[in-house]
Amino acid sequence: MKLFRSQRNLYISGFSLFFWLVLRRLVILITQLAKELSNKGVLKTQAENTNEAAKKFMEENERLKRLLKSNAKEEEHILEAENKKLVEDQEKLKTELKKTSDALSKAQNDVMTMKMQSERLSKEYDRLLKEHAELQVHDLHF
């Protein structure tokens, strides 16, 4: 009888330790998922702001082109310099938008990976619970 109780206690303490480890990992994964989701929102907002700024600069560029055609040749050189500056700013914003979009897609991929890991962990936990229940039923019969 003492052997049975000691085995039962060993199974219970082993399963408790394993259950604690699984729960700890699950909490870590959920925390990482929450962080990635918040990063995704920030990156998305940043990408939208960059896109709006690029549109604004493009509109300003078009306005300057129209002014250039209507003004005299003296003002043409000044407007060309401003236009070049705007084009450079536009290129910088495009590269920044590309970087932000890449970071956003990376964050989305990380979020999907975390979701998949979380689902797999849940399935494994359910399988282990079933196995533990079967072992308990099996131990009770002996």
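Keep in mind that glycine also has a Cβ here, set from the backbone N, Cα and C atoms.
Database features, via TrEMBL:
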DOMAIN    1-37  domain 'BAP29/BAP31 transmembrane'
TRANSMEM  12-34  transmembrane segment
COILED    47-138  coiled coil
DOMAIN    91-138  domain 'Bap31/Bap29 cytoplasmic coiled-coil'
When you scan the chain for residues with a C-beta under 8 Å from the domain 'BAP29/BAP31 transmembrane' (1-37), skipping those not six or more beyond its ends, what do you find?
107, 110-111, 114-115, 117-118, 121-122, 124-125, 128, 132, 135-136, 139
Would you mind splitting the domain 'BAP29/BAP31 transmembrane' (1-37) into helix, strand and coil residue counts from DSSP?
36 helix, 0 strand, 1 coil
